[in-house]
Amino acid sequence: MCGIVGYIGQAGDTRNYYALDVVLEGLRRLEYRGYDSAGVAVYADGEISFRKKAGKVAALETEIARAPLPDSVLGIGHTRWATHGGPTDVNAHPHVVAGGRLAVVHNGIIENFSELRAELTAKGYNFVSSTDTEVAATLLAEIYKTEAEGDLTRAMQLTGQRLDGAFTLLAIHVDHPDRIVAARRNSPLVIGLGEGENFLGSDVSGFIDYTRSAVELSNDQVVTITADSYEITDFHGAPSEGKPFAVEWDAAAAEKGGFHSFMDKEIHDQPAAVRDTLLGRMDEDGKLMLDELRIDESILRSVDKIIVVACGTAAYAGQVARYAIEHWCRIPTEVELAHEFRYRDPIVNEKTLVVALSQSGETMDTLMAVRHAREQGAKVVAICNTVGSTLPREADACLYTYAGPEIAVASTKAFLAQITASYLLGLYLAQLRGNKFADEVRVILDSLREMPAKIQEVIDNEEQIKQLGRSMVDAKSVLFLGRHVGYPVALEGALKLKEIAYLHAEGFAAGELKHGPIALVEDGQPVFVIVPSPRGRDSLHAKVVSNIQEIRARGAVTIVIAEEGDTAVDEHANYIIRIPQAPTLMQPLLATVPLQIFACAVATEKGFDVDQPRNLAKSVTVE
């Protein structure tokens, strides 16, 4: 999500390119990350010149052709995915402040930007955009002037201490034409090392055409690069170190972060996708703040029914969310396939809240369902991953999932981000309606905040899961069983295997076994079972263990996904995939990940293109 590039070379060298060439090429390489505007800034002859434009890099290049920038050996560039403020020319980066003397680009979300903006406004600063980036740039300028005594590196260190959230910042200043200063926290930044030139990028794609020698920065570090050196410190000025590495991928592989496929990369992106979707949505006291939910509170309090409309994977995310929303809000909640919704004369009125889930925001079936719901007087909240798409424009409000672009057709990180955003919506409604006290909401939010690290634990165990997938490449059919929130996880696991491995797979509610599906179980039949926590509803856990015994007795190969410490499954499982302990409603964020890894491994072993499976499209824009 977003892309950053920085370049500094030596004046008077004999290279056949300038900073602008490097930065624009880097931005093109980073287009796969997704964005809605782009901009560049260069230093030459004592001045910073910049151009920025809503739209694609091509639109920026057209603007530069119309109004050329000077030749320069110092430049920074940015592709923006809108978070605070819409995708406009004004909100695009870079933000140039301090009378044109300082230019800043930024990736991430500054959680405390509202407080900082108020503080800076009180000091007489004016803002021309609605972005958190302009606030960070203005804060950097203020600290540079008042506390850092003209030391740009020190100013960046102090600024890093003041900012909450996730950010990568790059800055150039007319007082320091020989350097770029950058900082990072929970947002990627890599140094590229050349000969008489150095680079910065969100990832190595930004400079892979120029160097294969790189240094990865860690959290809460500041780096100052010149044409022939770099220096890393922490936010308090103490010397620090990065992690040098050699880039062995080509440019195409670099866009995938060195992974075999975009799907593999996006599975690994999931801790960040969940974390970024949570960012900026809680105040310092832990209270949930959904400023994007611009629907009158009295209307939300009067809601007496919620209908989730979606298709495919998004519909399964909605099914997970239903358990949480009904539990927290005590509002009857239905989940409808969007393409069925408007054809069955649904009961919808002004007290109905329709929640529409779509990664792309362009799913035609979902858009048609939304239009029908609004015609009946319902309010619509979109949960979407794509700023500027149709769905947010047609909804009454939108909660964006900050998962970043999802390139692979089969959804992975968008699914977890949709669950996360749906949970935030449910908690907000519970908080607003008084179903949950502030301390109860805070406990649940704390559990959500723990999920990125726990998802990473599951991913760290991927080799065991991949080996299992490779061993089952000749399976003719795979079944998936789950109860409660494990049921939609089973459905999603089956869908992934269908989508990318072209393998017959079915997901069932485990309680349905005796009502028909157990007839499918024969000797050697692989069956995944998602086991609920024994620390939750004991009866539910015991029933699933009983289901495992039933299918094992009929010759099934049982692959059990169970939390750490659950020994009740040990004697009944052929394979056990352990996930970290978590509250029942958080388990889908963990239990889904092994199923994604398994499907990807099976499809890869079969030699299929996991990113572009046959007959499928990423965005279904027809009914």
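Placed from the backbone N, Cα and C atoms, the Cβ positions cover glycine too.
For Cys2, the entry in Swiss-Prot reads active site, nucleophile. Residues annotated as active site, for Fru-6P isomerization activity in Swiss-Prot: Lys618. The domain 'Glutamine amidotransferase type-2' annotation in Swiss-Prot covers 2-228. For 295-435, the entry in Swiss-Prot reads domain 'SIS 1'. If you look up Swiss-Prot, you'll see 468-613 marked as domain 'SIS 2'.
Of the recorded residues, the residue listed as 'active site, for Fru-6P isomerization activity' and Cys2 (active site, nucleophile) place their C-alpha atoms 20 Å from one another. Per DSSP, the domain 'SIS 2' (468-613) is made up of 73 helix, 29 strand, 44 coil.
Around the Cβ of Cys2 (active site, nucleophile), a 10 Å sphere holds 24 further Cβ atoms from the protein chains shown. When secondary structure is read from DSSP and collapsed to three states, Cys2 (active site, nucleophile) falls in the coil class. Under the three-state DSSP scheme, Lys618 (active site, for Fru-6P isomerization activity) falls in the coil class.
The Cβ neighbour count for the residue listed as 'active site, for Fru-6P isomerization activity', using a 10 Å radius over every protein chain in view, is 16. As a summary of secondary structure, the domain 'SIS 1' (295-435) carries 65 helix, 28 strand, 48 coil according to DSSP. Regional average pLDDT for the domain 'SIS 1' (295-435) in the model is 93.
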